[in-house]
Amino acid sequence: MGSCARLLLLWGCTVVAAGLSGVAGVSSRCEKACNPRMGNLALGRKLWADTTCGQNATELYCFYSENTDLTCRQPKCDKCNAAYPHLAHLPSAMADSSFRFPRTWWQSAEDVHREKIQLDLEAEFYFTHLIVMFKSPRPAAMVLDRSQDFGKTWKPYKYFATNCSATFGLEDDVVKKGAICTSKYSSPFPCTGGEVIFKALSPPYDTENPYSAKVQEQLKITNLRVQLLKRQSCPCQRNDLNEEPQHFTHYAIYDFIVKGSCFCNGHADQCIPVHGFRPVKAPGTFHMVHGKCMCKHNTAGSHCQHCAPLYNDRPWEAADGKTGAPNECRTCKCNGHADTCHFDVNVWEASGNRSGGVCDDCQHNTEGQYCQRCKPGFYRDLRRPFSAPDACKPCSCHPVGSAVLPANSVTFCDPSNGDCPCKPGVAGRRCDRCMVGYWGFGDYGCRPCDCAGSCDPITGDCISSHTDIDWYHEVPDFRPVHNKSEPAWEWEDAQGFSALLHSGKCECKEQTLGNAKAFCGMKYSYVLKIKILSAHDKGTHVEVNVKIKKVLKSTKLKIFRGKRTLYPESWTDRGCTCPILNPGLEYLVAGHEDIRTGKLIVNMKSFVQHWKPSLGRKVMDILKRECK
């Protein structure tokens, strides 16, 4: 190839500079929008042609070249045979180095009117421009097509003709800028060395962001095809019909240069071979343009067309080649418990377009949009950072004493500290024992003790101590006694004493229910059915814990069923209380309340008798009918 061709290639480099290589912020570190290096996409790949000179047998061919005054030189003729390297003119010759092999070319068979040259790529590439250097006269008509689906469908890039209107019915871009047809590269001169140039970034695309959807539609290709539709003769060819037939009826091309780059959406500056692709063995393949991007900006895919697995917190975008903005993918906040996440547009919109990442398959017993909490059955170990694989520990709840999730057989605990939710009456961090005052650990929890204090957690038997005295099994049978005291018992004034402990030494007058008028005349504040639970010796007085089982009457104080304290006032110098209240027994008690303190008082004016249903009915009748 001559100096003209070399200058043409240098000019092609300026086209590159005006195209993708002019992206703002291109740097080796790809800090902003970036693009891989440009190169000849035909290098290392197979170019196809319909025919080849000498494909089946040796052929004779001739060609003209003109002088500077356009007069013809003597034609030169030679032989071609595709089977012999020194006589072959194969399609691969169009893709070798124009500088190292300037005298190599492809040539079609003789007498061919239509020919096709095609480049098939193994992936999507960005195509920027085409340079075709002809050895034969340029065609009178040709079409440049591209495919973006590996040859399934084709679209025209440009039509070339000496007369666009007559040949294709199209306007000429020499007359109307931007027209799809041109007559600029269809002159038969020069008879050899004529070029055809197409720039994919011609107006109106040359001012666009090179990674916008509009420009991608223009630049992306998987296949490129040139259809040579009409030959034309060199104008200096002689027309002497008496001469022997000359062999000029063929197409011949020195170079077929397809300039482009790996297609990476502005997110890579280097590419590697596509998996499984094997380059054609030919000179110059060291400079081959590969098709798989080495993605930056937290992107992934052969063309950096989506975000990396853990970087989907915002929607993927191509880089902006006009401003240089990289539009990096952003990491999802998965707290170290997920390997991937996905973008959810609903989450994105709900957050005000701030965060749309949802973590996938949370690991280490976590769950949630960000794997931000321990899943049911596990709790947060505050001694470990939450990003640690063992930050969520399994709940250790007792299977019998702990509650379970509704419609679930799995026990759970407080995810913040591991405390288990216990069944009624059950205690312990693991819910593995009865609370104090409860017994009978089982499937339904624990039952309340029938005592004022604690009881045996297994049997429910009341447990006595020197301060809380449970006498359920120790009190003597109730016997009516008279009001005649036994000889005095010497004791220190400061010493407290429980009448219940020494009830046998107290002689109290037996009470009977007299007439209704006398009962009503006492104007009792309360009338209760109670069960005596225990007595507490306070030193200066006695407190009796009872369980109120029924409220027959209450006045100013609101009295409810349940545990309550009675305060006996009858305190002799021997420490006896009357009337006697024996633990474990049920009584009907009518007494007065201390308005100032709210205490329920029991004294000699109180009415106390063992509970009988008949007694209860009789007192209720008196309260309703007589005590008005």
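Positions of Cβ are set from backbone N, Cα and C atoms, glycine also.
Quick look at what Swiss-Prot lists:
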type	residues	note
DISULFID	C262-C271	disulfide bond
DISULFID	C264-C293	disulfide bond
DISULFID	C295-C304	disulfide bond
DISULFID	C307-C329	disulfide bond
DISULFID	C332-C341	disulfide bond
DISULFID	C362-C371	disulfide bond
DISULFID	C374-C392	disulfide bond
DISULFID	C395-C413	disulfide bond
DISULFID	C397-C420	disulfide bond
DISULFID	C422-C431	disulfide bond
DISULFID	C434-C446	disulfide bond
DISULFID	C520-C627	disulfide bond
DOMAIN	332-394	domain 'Laminin EGF-like 2'
DOMAIN	506-627	domain 'NTR'
SIGNAL	1-18	signal peptide
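Feature map: annotations from Swiss-Prot on the structure.
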residue : record         : Cβ contacts under 8 Å, 6 or more apart
C262    : disulfide bond : P36, F125, Y126, A268, C271, V289, H290, G291, K292, C293
C304    : disulfide bond : C264, N265, G266, H267, A268, C293, C295, K296, H297
C413    : disulfide bond : G377, F378, Y379, C395, S396, C397, S402, D419, C420, P421
C422    : disulfide bond : G401, S402, A403, G428, C431, G445
C434    : disulfide bond : G425, V426, A427, G440, F441, C446, P457
C627    : disulfide bond : A516, F519, C520
How many neighbouring Cβ atoms, not counting its own, are there within 10 Å of the Cβ of C420 (disulfide bond)?
23
List the residues of the same chain that sit at least 6 positions away from C341 (disulfide bond) in sequence and have their Cβ under 8 Å from its Cβ, in sequence order, or write 'none'.
P309, L310, Y311, N312, D313, C332, C334, G357, V358, C359, D360
Out of C307, C329, C392, the disulfide-bonded residues in the record, which is closest to C371 (disulfide bond) when you go by Cα distance?
C392
The domain 'NTR' (506-627) - residue tally per DSSP class, helix then strand then coil:
19 helix, 47 strand, 56 coil
Of the residues in the domain 'Laminin EGF-like 2' (332-394), how many are helix, strand and coil by DSSP?
6 helix, 18 strand, 39 coil
Given the disulfide-bonded residues C264, C271, C329, C362, and counting only Cβ atoms in the protein chains shown, which has the most within 10 Å of its Cβ?
C264
How big is the Cα-to-Cα gap, in Å, between C307 (disulfide bond) and C362 (disulfide bond)?
19
Take the Cβ of C392 (disulfide bond) and count every other Cβ within 10 Å, whichever protein chain it belongs to.
26
Would you mind pulling the DSSP three-state label for C264 (disulfide bond)?
coil
